[in-house]
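Taking it in order: structure first as structure tokens, then the write-up.
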Amino acid sequence: MADDTAGRPGKDVQRGSSGDGRASDRTPGLFDAVAGFGVSFSTMFRKVATEEYPEKPRPTAPRFHGRHQLNRHPDGLEKCVGCELCAWACPADAILVEGADNDDSPGGAGRFSPGERYGRVYQINYLRCIFCGLCIEACPTRALTMTNFYELADNDRSKLIFTKDQLLAPLQGGMLPPPFPMADGMEERDYYQGKVSGATTAQEAYVDARDSAGDPDDGGASDGDAEAPGNVGARVPGQHDVGHTLHPTAAETREGANP
Ligand code: SF4
Ligand code: SF4
């Protein structure tokens, strides 16, 4: 007797493994179960692809485009001269720069960078940034570079607008917190020709006198942000509490390298 369900939509029942849509009476055997487990067994010997993030962040590629950094000269003065070229180059309109004059005169605001001007306000909006690197290509002083730091997420949009105090590189050994005068006998071009290797005793004396006179450094972070002076070592908004610091490690920083 012919099967009256054949050819009727919704009536084909696969009881076996014929694979052509027709009903089959073959009962799955022991080998079928073993074949199924074979997939599991073969996977056991493959390299584990699971990442233990955030406990063990995966290293990035050397030329990874991560968070920006505003670099300093060896004595601590800032490399940014407030020219705004980075902001003009940015296709996402993510950078805000407001320059100001360095003022070495008595009672003046002081000097934050060699030369005429410095970046008084500097902000990068990481809600807009697409990490293209055009800004660091445009920077004439290598003040702006990109790090390998990528933990840029937050549930508060305002915290993803990074201000100058967050972007400035931390003070390394031999550096002083601006403002202070250029090294004796040095001009702006000397800084860019690598003739300054660290803070001089005259600069140290100036900073000591400035601090003891109750005019502590504000790190040039006069951008309306209420962070601590210089803000060195503070946390990046949005970063996880897994031991990362505000500023990238040396391995994450590629100052002087091409993007
Ligand atoms: S990386 Fe690109 S998008 Fe981001 S701030 Fe620089 S120029 Fe703008
Ligand atoms: S980071 Fe570079 S391009 Fe941008 S304002 Fe400073 S010096 Fe100019």
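Using the three backbone atoms N, Cα and C, a Cβ is placed for every residue, glycine included.
What TrEMBL says about this protein:
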- 1-14: compositional bias 'Basic and acidic residues' (COMPBIAS)
- 1-27: region 'Disordered' (REGION)
- 70-100: domain '4Fe-4S ferredoxin-type' (DOMAIN)
- Cys80, Cys83, Cys86, Cys139: [4Fe-4S] cluster 1 binding site (BINDING)
- Cys90, Cys129, Cys132, Cys135: [4Fe-4S] cluster 2 binding site (BINDING)
- 120-149: domain '4Fe-4S ferredoxin-type' (DOMAIN)
- 208-259: region 'Disordered' (REGION)
- 214-226: compositional bias 'Acidic residues' (COMPBIAS)
So among Cys80, Cys83, Cys86, Cys139, all listed as binding-site residues, which is physically nearest to Cys129 ([4Fe-4S] cluster 2 binding site)? Use the C-alpha atoms.
Cys86
List the binding-site residues Cys80, Cys83, Cys86, Cys135, Cys139 whose Cβ sits under 6 Å from any atom of ligand 2, in sequence order.
Cys80, Cys83, Cys86, Cys139
Other same-chain residues whose Cβ falls within 8 Å of the Cβ centroid of Cys80, Cys83, Cys86, Cys139, the recorded [4Fe-4S] cluster 1 site, in sequence order:
Val81, Gly82, Glu84, Leu85, Val97, Gly119, Cys135, Ala138, Pro140, Thr141, Ala143, Leu144
Return the residues near Cys132 ([4Fe-4S] cluster 2 binding site) by Cβ distance under 8 Å, restricted to its own chain and a separation of at least 6 in sequence.
His65, Pro91, Ala92
Which of Cys80, Cys139 has the fewest nearby Cβ atoms, counting only those within 10 Å, among these binding-site residues?
Cys139
Across the domain '4Fe-4S ferredoxin-type' (70-100), what is the average pLDDT of the model, as a whole number?
97
In sequence order, those binding-site residues of Cys83, Cys90, Cys132, Cys135 whose CB lies under 6 Å from ligand 1:
Cys90, Cys132, Cys135
Cα of Cys90 ([4Fe-4S] cluster 2 binding site) to Cα of Cys139 ([4Fe-4S] cluster 1 binding site): how many Å, rounded?
11
Per-state residue totals over the domain '4Fe-4S ferredoxin-type' (70-100) - DSSP helix, strand, coil:
5 helix, 9 strand, 17 coil
So among the binding-site residues Cys86, Cys129, who's got the most Cβ atoms within 10 Å?
Cys86
Just to be sure I understand, if DSSP states are collapsed into helix, strand and coil, how many residues of the domain '4Fe-4S ferredoxin-type' (120-149) fall in each?
5 helix, 10 strand, 15 coil
